[in-house]
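Features of the protein shown, as given by TrEMBL:
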- 2-100: domain 'Wntless GOLD' (DOMAIN)
- 101-370: domain 'Wntless-like transmembrane' (DOMAIN)
- 107-127: transmembrane segment (TRANSMEM)
- 139-158: transmembrane segment (TRANSMEM)
- 170-192: transmembrane segment (TRANSMEM)
- 213-233: transmembrane segment (TRANSMEM)
- 253-281: transmembrane segment (TRANSMEM)
- 302-326: transmembrane segment (TRANSMEM)
- 346-367: transmembrane segment (TRANSMEM)
Amino acid sequence: EENAEITLDVSLAYRDDMFDDWEEIAHAIEIRKLKCTFGSPKTLESEGRHYDCDFLPFMEIGSVAHKYYLINIRLPVNERKGINVGIGEIKDIRLVGIHQNGGFTKVWFAMKTFLTPSILIIMVWYWRRITLMTRAPVLLEKVIFALGISMTFINIPVEWFSIGFDWTWMLLFGDIRQGIFYAMLLSFWIIFCGEHMMDQNERNRLSGYWKQVGPIAVGSFCLFIFDMCERGVQLKNPFYSIWTTEVGTELAMAFIIVAGICLCLYFLFLCFMVFQVFRNISGKQSSLPAMSKARRLHYEGLIFRFKFLMLITLACAAMTVIFFIVSQVTEGHWKWGDITIQANSAFFTGIYGMWNLYVFALMFLYAPSHKNYGEDQSNGDLGVNSGEELQLTTTITHVDGPTEVYKLARKEAQE
């Protein structure tokens, strides 16, 4: 029949030895809507031909800590209640399994195990350099440290424990960790560009960015609620799927489409902010010819490194947006004609490594400098007698040393 529904009485069990009894994990009665096409006209001559039906979401479990699993599927028929009536004769059922393969698991575990102590060491070094300053940490330094904390939260290799423990909440936990890092990364990029705008706005405080950071927080919370609607229910019932009903499918697609559009708009806004920063920095380069050759080369090097970091920021933002959209749309591989492209493994490891390198570079480049330039060395080569010093941000006014990357352009000269 048109829009026929099939009722499945399903259960899942496990055992760790061939001679043990099966222990049931979950049992549910699920209803799925069949979407089938019949290639021939529905006449008596076509009796016995098969329908071509779309695949249905069936089950998702967060860990496979046991050796053997058993799936039991029953199709109960009740003509009085209309259960499994009008679905035709079932000849066979095909199950497609999507899983994390062994090669990817080894690479993933190795990366997490190696990167966790690496980021921890650079974080301790970075914060120690900040605490040695007599001034208080500025907003950008705090946000970079918070970004390092969120990166460490993702890096911690708790997946090792999922080998021996049946932690079914690992998928939900992974989504929460990734969501926190996404929100922190997007907020950092806004603050990072804003702190280098050199406009007349009062910055160096989080409340000055509430218009930009607020929507990121609201969007992250909405995605968390959406994730809990599926992954949260699957903790009790692994056979549940939000895609099984028309309302759930429309809601899920609406969430993904809106999130994708918002990410693209965010990326365009970020490009605009980076363009403004580049324009402001270029305007400050007019001071360079008045310097001595050695100092001019020093500051030209700073400008080059800063612009390079901004371009890397844009590249990371673009790759992150592409990764989010691709990971939501595809279930692991694309097929173009006879060519199959395995996308998720390369994206996961590549983007994950890129995030770690980016956070590592930020903490290394933005750690406060303890070099002490003499008054004649720091200001004498500028060709002015008023003691002007140029910086790249608007937030550091204390004599106790901004970072090397900060120094060069300031919205107004300090005397």
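Glycine is treated like the rest: Cβ placed from N, Cα and C.
Mapped onto DSSP classes, the domain 'Wntless GOLD' (2-100) shows 3 helix, 35 strand, 61 coil. Within the same chain, residues 109, 112-113, 115-116, 119-120, 122-123, 126-127, 130, 170, 173, 177-178, 180-181, 184-185, 187-188, 191-192, 195, 203-206, 352, 355-356, 359, 362-363, 366, 368, 393, 395 sit at least 6 positions outside the transmembrane segment (139-158) and bring their C-beta atoms closer than 8 Å to a C-beta of that stretch. For the transmembrane segment (346-367), the partner stretch with the highest count of Cβ pairs under 8 angstroms, out of 107-127, 170-192, 213-233, is 107-127. Away from its own ends, the transmembrane segment (107-127) comes close to residues 100, 144-145, 148-149, 151-152, 155-157, 159-160, 348-349, 352-353, 356, 359-360, 363-364, 366-367 of its chain (Cβ-Cβ under 8 Å, at least six residues beyond either end).
Residues 62, 171-172, 175-176, 179-180, 182-183, 186-187, 190-191, 206, 240-242, 251-252, 255, 259, 262, 266 of the same chain lie 6+ residues outside the transmembrane segment (213-233) yet bring a C-beta within less than 8 angstroms of a C-beta in it.
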